[in-house]
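> Have a look at the structure that comes next, please.
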């Protein structure tokens, strides 16, 4: 439907509105829907019709349609009949027609202010009416008090204007146009209650929600960045020496920092690894010391170590009881805490017991030398022990030119030397076995015994 229009009166056309937008309001008497022509005394009034072929007389029919969309508060105004008009009503209608002309002249401006879309199904949206004025439409069973004795209009007129529930009387168009400034409000993003939101409102709501999400994400990213930079500044102010940290201090720090935000998780991880390694090493050491270990887990190792310590304490208590029960005159027992002299004597006695083996002091020294293949010899020597005997014996063999390749030497309960193979290094002369035996006896302190 074309939204552009112009009023035509008896004298001629009115000037163009909005820079030459052509009007399409033309009189077409052949397409009148109603068979009731206007009275002869009102021929000078303006007539108009829509492009769809619906002629209306503003003095009778348009007033009837527009009165149903206005909530009138004046109950004292007389009810106008569509076909019986007096002089007062004619004068009032002429004033209304002038206001209608001024309203339709500013139609394009109102449309631009309201941002009404061009594609709609409501006929009067082209005039800039809100959805609140045109939300309700006529129905077949609804009849307003203003349409009395004119049933043909309700059945043939299309649904242009709503029928308010509280319309009880007739009023002029001046309240409608005077309240028009109050109706012109900025377009809200959210739809009003009871009506579906338009496509523009949905898109505006989506843009607003997306912008709010972007603002929230930017603010959260800035907060994370600032917290990260603050942590870096805190950690960069001091030098951390990880190698100098011990396990006790790490445990103390972890206990004190409970419930607080950890700045360096790597430091705590390294400290925990060192603590566990030290604990495992000590458990292995304890397991090697304790003789009886039932299982290899930590609980078993600790339990067996505790049992072993209890056993040692019991043995110590038994020894104390035995010492207290024996008389002090007994010379067979040593004191509980021996002196260094007695301790060294006991060590020597344990190393060289006098009664376990016969002493070589009562025996003659023995030296045996046997020749083997080539220039190799086999030497067996046994004598009493004295300080420096091993060193003097090895020097004597070296002076004789013998290279000892395999030998066994024992200083337990005497001096015993078994040389399994010794070769002569000097090629010009050979050393005889008797000569080797005499040199070894002389070294042992038994010169002349051959």
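Cβ atoms here come from the backbone N, Cα and C positions, even for glycine.
Quick caveat, the model's predicted, so the values are computed rather than measured.
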> If I go by Swiss-Prot, the feature region 'Disordered' sits on one of 207-231, 282-306, 307-331. Which?
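The listed stretch tagged region 'Disordered' in Swiss-Prot is 207-231.
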> Which range is it, out of 134-155, 156-177, 178-199, 244-265, that shows up in Swiss-Prot as region 'Disordered'?
244-265
> What average pLDDT is reported by the model for the domain 'ACT' (378-450)?
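Across the domain 'ACT' (378-450), the average pLDDT comes out at 83.
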> Taking helix as H, G and I and strand as E and B in DSSP, count the residues of the region 'Disordered' (207-231) in helix, strand and coil.
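When I sort the residues of the region 'Disordered' (207-231) into the three classes, I find 25 helix, 0 strand, 0 coil.
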